[in-house]
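What follows is a single structure, written as structure tokens, with notes after it.
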There are 2 protein chains.
Amino acid sequence: MIDEKGILFILSGPSGVGKGTVRKSLFEQSTDLRYSISMTTRAPREGEVDGVDYFFKSRDDFERLIGEGQLIEHAEYVGNYYGTPRQYVEETLEQGKDVFLEIEVQGALKVRENFPQGVFIFLIPPSLEELKDRIVSRGTETEDKVKNRLHAAKEEIEMMDAYDYVVVNDEIENAVTKVQSIVSSEHCKRERVAHQFKKALEEK
Amino acid sequence: MIDEKGILFILSGPSGVGKGTVRKSLFEQSTDLRYSISMTTRAPREGEVDGVDYFFKSRDDFERLIGEGQLIEHAEYVGNYYGTPRQYVEETLEQGKDVFLEIEVQGALKVRENFPQGVFIFLIPPSLEELKDRIVSRGTETEDKVKNRLHAAKEEIEMMDAYDYVVVNDEIENAVTKVQSIVSSEHCKRERVAHQFKKALEEK
């Protein structure tokens, strides 16, 4: 038997960029990816289902799981914990299936420490894409506004540096298609494929 | 203006694997890729058009062009020269357009020396893919036959090592889709994209 592990894909990006929408649209289409459901201590919102949208846990349970090392990453936002359960990710990858995470930037950086071989995708707003044009055609905005925008853009670009891919979320379909291309092409990477063939030959 | 160069894609692989068929099918579909037409001294075959299928040249002209450094790579097969004209590739990349080459393994290795930033795709026959299964389920073939196959497979895997991607040519449509995914995802690579944004910010 050839041990062929799945690939871990991480979709992240600045808050408000539309990570959730891209992820949902991706999973509405036919895909071999397995979505890793996050764990949270916040109360379920109308229509949210435990084990589908999130694993909903009490604060005590969540802190116990942190203590036991059962979360790959976790963070606190507005008084609530959010995290990625380790077991599902590791077992699914072991079974040779790809796992897909959609998480905040802070969490993605922690996942990178544990899974440096993961494929990290940074979703950016189209405004950053437009930046290139906007910066050359100046004059219409106050100097302060331009400075603020440049500062925000610089911060986003620095966050990018920890990622393998950058996808512009100009239109959801475009972004989804690009994520699908990344998934497909990562499976063609020579480092992954040649290794499998070499192993097969050595085992003979 | 942001100088955004095109990407050079090279499709190669063992002879007989179906590189030409995959390339033709790729270009029959909508694509932004520009195909770099090869130059040859062999006589045009029935239906072949100069400047479409090949640039047909005399042996004297071809050797003069080699001398002038006007070919990125060239090789001789069965008494005829084949090569890739430098000017078209360089000018098209400068214009920000992607260039696609479909060449022999020997030539691809030479292109790698000139264009290490190119994206090298190795097309393999499905038999190599099946190798993984075949090797474990042995016994049906003579030991010599198995040995020969293993030897051939090992040579192909060693050629692979100079490439970025490996695509199995099991079905033409599958192979074409994978090549398209590679083209799309390469444009999302953080190294390429972040650089553009950084440059835009510095130019301000």
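The chain as shown is numbered from 1 upward.
Glycine is treated like the rest: Cβ placed from N, Cα and C.
These come from TrEMBL:
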{"type": "DOMAIN", "residues": "B:6-184", "note": "domain 'Guanylate kinase-like'"}
{"type": "BINDING", "residues": "B:G13, B:P14, B:S15, B:G16, B:V17, B:G18, B:K19, B:G20", "note": "ATP binding site"}
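All protein chains considered, the CB of B:G18 (ATP binding site) has 16 other CB atoms within 10 Å. Looking at the domain 'Guanylate kinase-like' (B:6-184) alone, the prediction's average pLDDT is 90. The Cβ of B:G20 (ATP binding site) lies under 8 Å from the Cβ of B:E102, each of these being in the same chain and 6 or more residues away along the sequence. Taking all protein chains in view, 24 other C-beta atoms sit within 10 angstroms of the C-beta of B:V17 (ATP binding site). Taking the centroid of the Cβ atoms of B:G13, B:P14, B:S15, B:G16, B:V17, B:G18, B:K19, B:G20 as the ATP site, the other same-chain residues with Cβ within 8 Å of it are B:L123, B:P125, B:N169. The most densely surrounded of the binding-site residues B:G13, B:P14, B:G16 is B:G13 (count of other Cβ atoms within 10 A of its Cβ). Residue environment of B:S15 (ATP binding site) contains 9 other Cβ atoms, counted within 10 Å of its Cβ in all protein chains.
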